[in-house]
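Chemist: So that we are looking at the same thing, I have put the structure below in structure tokens.
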Amino acid sequence: MTALTTDPRFVRTPPPGGSPSSRALLGLRGTLLLLQWQVRRQAQFLPLMAVVQTALAVSTVLGYGLLIGNVDGEAALFLATGAPTITLIVIGLVMTPQAMVQARTEGSADWLRTLPLPRGAFLAADLTVWTLLALPGLILGTIVGALRYDITYHLAPWVLPVAILISLTAASIGYAFAALLPPMITQLVSQMLVFLLLLFSPVSFPAANLPGWLRTAHEILPIEPMANLMRAGLAGQAFDASARDLITVLAWCAAAVTAAVLALRRRG
């Protein structure tokens with residue numbers, strides 16, 4: 001047995017009610033414990049996942065360049081700044097729900113919910129793991145893009161918070177539909193999202209390349225606003241982002257977190 005099941009500091013049932021500070025402390029302690037448990041549980045797979053998502057970022061930069069052929073300055077900036085966004089979104093929308101499906105299938109997700117911890121602690125621990133896991137690919141993809149296409153970034157001071165927000169939003173959305181949908185449907189949806197992201201989302205190419213109805217759809221969906229924020233943070237000399245982009249991403253993040261917490265409470 002691990003400390004998760006034997007340490008009385010974490011498994012005792014809290015008294016009913018309690019002050020807000022005591023409930024917040026319980027939630028924080030539970031989140032840290034679950035975070036430690038998730039890292040230990042997936043210790044053999046986390047390095048491989050980091051390698052896979054890093055390879056995805058690099059191959060996106062290089063692969064799209066091969067498809068385009070003669071890459072001009074604007075296309076090079078789109079490729080170099082789009083690769084980090086694709087990496088962050090794929091981690092959240094594909095790997096996060098698949099890990100959730102595995103946990104539900106093997107029974108560990110149901111077992112964890114028997115612990116006397118706030119349901120939000122489960123979500124916070126999982127989102128922390130997947131958000132941090134996406135950062136190495138973001139950094140390496142950005143470096144490879146600069147070296148491959150000989151471009152210079154003009155980093156905004158808020159680029160790191162934006163990257164964390166994008167990763168958190170994508171992971172929250174993936175976690176939400178993984179918690180709400182049956183495992184088989186979750187896997188199908190996550191696989192479908194890969195093709196939609198790579199081929200029909202204005203991340204590594206301008207939105208003007210899409211048909212009108214799809215451009216309209218992306219004004220509501222969070223993918224284009226995520227890409228706009230990342231592009232403006234990496235190459236502010238060529239791209240900008242609007243307040244609407246930030247509000248759209250924040251709204252999707254809040255909605256996904258709320259849906260995930262409600263789903264966890266319902267199942268718990």
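Here the Cβ of each residue, glycine as well, is placed from N, Cα and C on the backbone.
Here's the feature list from TrEMBL:
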type	residues	note
REGION	1-23	region 'Disordered'
DOMAIN	36-233	domain 'ABC-2 type transporter transmembrane'
TRANSMEM	45-69	transmembrane segment
TRANSMEM	75-95	transmembrane segment
TRANSMEM	121-146	transmembrane segment
TRANSMEM	158-181	transmembrane segment
TRANSMEM	193-214	transmembrane segment
TRANSMEM	246-264	transmembrane segment
Chemist: Relative to the transmembrane segment (246-264), which of 75-95, 158-181, 193-214 accounts for the most Cβ pairs at distances under 8 Å?
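Modeler: Ranked by Cβ pairs under 8 Å, first place goes to 158-181.
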Chemist: Would you kindly list the residues that approach the transmembrane segment (45-69) from elsewhere in its chain, counting only those six or more residues past its ends and only Cβ-Cβ distances under 8 Å?
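Modeler: Counting only partners 6 or more residues beyond its ends, the transmembrane segment (45-69) has Cβ contacts under 8 Å with 39, 75-76, 79-80, 82-84, 86-87, 90-91, 95, 129, 133-134, 136-138, 140-141, 144-145, 148-149, 198, 204.
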